[in-house]
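*Asks:* Dropping a structure here in structure tokens format, bear with me for questions.
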Amino acid sequence: MASKITFVFLVVVVINCAMMLSMPTAEAHNFLPCVITNDCEYHHCSSGTVLCVNRQCHCSRSSTHQTKLDNLKKMDYAKKCKWTKDCDPRMRFTCVSGSYMCFDGLCTCTN
């Protein structure tokens, strides 16, 4: 009886280890804090580019927007503003919701 329990326990441990080793190869979501994209320069992306989205560094995988992303990477999203119209309209490409506004004097993505 004890040998069956030990065998089942070992099988469970082996299965759990195999599942942990077979994690998908997609990048882990390490959300580093940022204010502008330049704050993410040390965040490694295996493919695509890194962007500051909603104050967190994210890896972008879209190759169709690569030119836009290269331009956006150089932009300063902490731009000071008085009105939403003062914000750079290209900012909508990096906002998850696609919208942004002037909040507390800074251009900020909205949820």
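Each residue's number is its place along the chain shown, starting with 1.
Just so you know, glycine gets a Cβ as well, placed from its N, Cα and C.
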*Asks:* Disulfide partner of CYS87 per Swiss-Prot: which of CYS107, CYS109?
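*Replies:* So the cysteine that Swiss-Prot bonds to CYS87 would be CYS107.
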*Asks:* From the list CYS57, CYS59, which cysteine is recorded by Swiss-Prot as disulfide-linked to CYS40?
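*Replies:* Disulfide mapping in Swiss-Prot sends CYS40 to CYS57.
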*Asks:* Which one, CYS81, CYS102, CYS109, is listed by Swiss-Prot as the other cysteine in the disulfide with CYS95?
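*Replies:* Between CYS95 and the options CYS81, CYS102, CYS109, Swiss-Prot records the bond with CYS109.
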*Asks:* A 10 Å Cβ contact count, applied to the disulfide-bonded residues CYS45, CYS59, CYS107: which residue has the minimum?
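*Replies:* Minimum Cβ neighbour count within 10 Å, taken over the disulfide-bonded residues CYS45, CYS59, CYS107, occurs at CYS45.
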*Asks:* Out of the disulfide-bonded residues listed (CYS40, CYS45, CYS57, CYS95, CYS102, CYS109), which are within 10 Å of CYS34 (disulfide bond), Cα to Cα?
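*Replies:* For CYS34 (disulfide bond), the disulfide-bonded residues whose Cα atoms are within 10 Å come to CYS40, CYS57.
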*Asks:* In whole Å, how far is CYS57 (disulfide bond) from CYS102 (disulfide bond) when you measure between their Cα atoms?
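*Replies:* Per the Cα atoms, CYS102 (disulfide bond) and CYS57 (disulfide bond) stand 21 Å apart.
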*Asks:* Name the residue among the disulfide-bonded residues CYS34, CYS52, CYS57, CYS102, CYS109 whose Cβ has the smallest number of other Cβ atoms within 10 Å.
*Replies:* CYS102
